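Right, one structure below, let's go through it.
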Amino acid sequence: MSNFKLDVVIHGDSEEAAASSPNRKVTVSETRNIQNQGYTGLTDRLFRGSRAAVGGNFKLPVEGDEKREHGPAVKSGPLISGTAYCISSCSMTLLNKVVLSTYNFNAGISLMFYQNLISTLVVAVFGFFGAVSVEKLNWKLIKLWIPVNLIFIGMLVSGMYSLKYINIAMVTILKNMTNILTAVGELYMFRKRQNQKVWTAMFLMIISAVSGSITDLSFDTKGYAWQIVNCILTASYSLTLRRVMDKAKQATRSGSLNEVSMVLLNNLLSLPFAMFLILIFDEWRYVMNTGVIELPMFWVAATASGFLGLAISFTSMWFLQQTGPTTYSLVGSLNKIPISLAGLVLFNVPLSVPNMFSILFGLFAGIFFARAKMS
């Protein structure tokens, strides 16, 4: 959940072009949205001052459109939202590493279930009291979303197991491979071509990943296998979500699907699938018999990671709306630096000079990739 880039939701929005037509008739769906325009909730307060919202939804800025009104509150918005996003993202990664490695907790699916349960309950409570706008679920929408959700579950579980066996710095570098898989997928699925700088950045990422794995003193075959699976599933998630998005909007009563509703869909639908996997892999027996669940601090860390998972969803939306996808992408790449350094220091990772160079080279490649995408 923490590594998914929300800029995928801004692509392929054909409704925007249709709305610009001066002679077009207003549809029943749009009439409902206009009637709901007076709704003000938690997300309205978060995004007030620079949103163009209808019925609780907000319009994300497109590439190059990052102009904002002048004023002290508006100028501080990107800084505050960006800081909140970076803190929640770094904290989530570190806490997951603590729960899985420091406490030697060998039930990644159970941890995912607990985190998603927390996110579901929080969003449901906010929606019940009218603090956020949540789309009413129906069977047609659920059927459309199930393939996305299955990939989402695999992405979270594989990410947790890779984090258990590999140090945070190497996980961060290997995650760059997701960008390559996504770009290739976009080329074949959406005929979206990348410029020469982007392909150069991808080549640098491959070099950093290969050299980093060769020089990794704490190399773990099982962990690297999980990370490869995670990269494939993460790329598949963003590509599949992009395809399902428009169909999902048509399956709702309002004709739209805001980000809060997507957070609820992903987390709520994951719960029965996670319970099924827990039974299949006999994790419930391990959880009931392991002594780590008797430690209060374990539950503090696990619960905090659940709240942080939800915080990442909201802060990333907030930051993306305050700035734009270009700045969001660049900050996401820069955010890997403190995560990697903190992981190396806090978990006493054995390092060699070549491995450190590979890590730094990979971080540079990630930043170069973000800059190339902006050009």
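Just so it is clear, glycine is given a Cβ too, placed from its N, Cα and C backbone atoms.
Curation does not apply to TrEMBL; its annotations are automatic.
What TrEMBL records for 88-362 is domain 'Sugar phosphate transporter'.
Look at TrEMBL and you will find 111-132 (among others) tagged as transmembrane segment.
What TrEMBL lists as transmembrane segment is 144-163 (among others).
Nonlocal intrachain contacts for the transmembrane segment (198-218), taken as residues 6+ away from its ends with a CB within less than 8 angstroms of a stretch CB, comprise 166-167, 170, 173-174, 176-177, 179-180, 183, 224, 349-352, 354-355, 357-359, 361-362, 364-366, 368-369, 372-373. Taken from TrEMBL, the feature transmembrane segment covers 198-218 (among others).
Taken from TrEMBL, the feature transmembrane segment applies to 224-241 (among others).
Taken from TrEMBL, the feature transmembrane segment covers 262-281 (among others). Cβ atoms under 8 Å from those of the transmembrane segment (262-281) belong to residues 1, 9, 107, 109-110, 112-113, 116-117, 119-120, 123-124, 127, 134, 137, 141-142, 145-146, 148-150, 152-153, 156-157, 310, 313 of the same chain, restricted to positions at least 6 beyond its ends.
Residues or ranges marked as transmembrane segment in TrEMBL: 297-320 (among others).
Marked as transmembrane segment by TrEMBL: 327-347 (among others).
Residues annotated as transmembrane segment in TrEMBL: 353-370 (among others).
Distant neighbours of the transmembrane segment (224-241): 3-5, 8-9, 147-148, 151-152, 154-155, 158-159, 161-162, 165-166, 171, 174-175, 177-178, 181-182, 185-186, 189, 213; these residues of the same chain sit at least 6 beyond its ends, with a Cβ under 8 Å from one of its Cβ atoms. Over the domain 'Sugar phosphate transporter' (88-362) the predicted model carries a mean pLDDT of 84.
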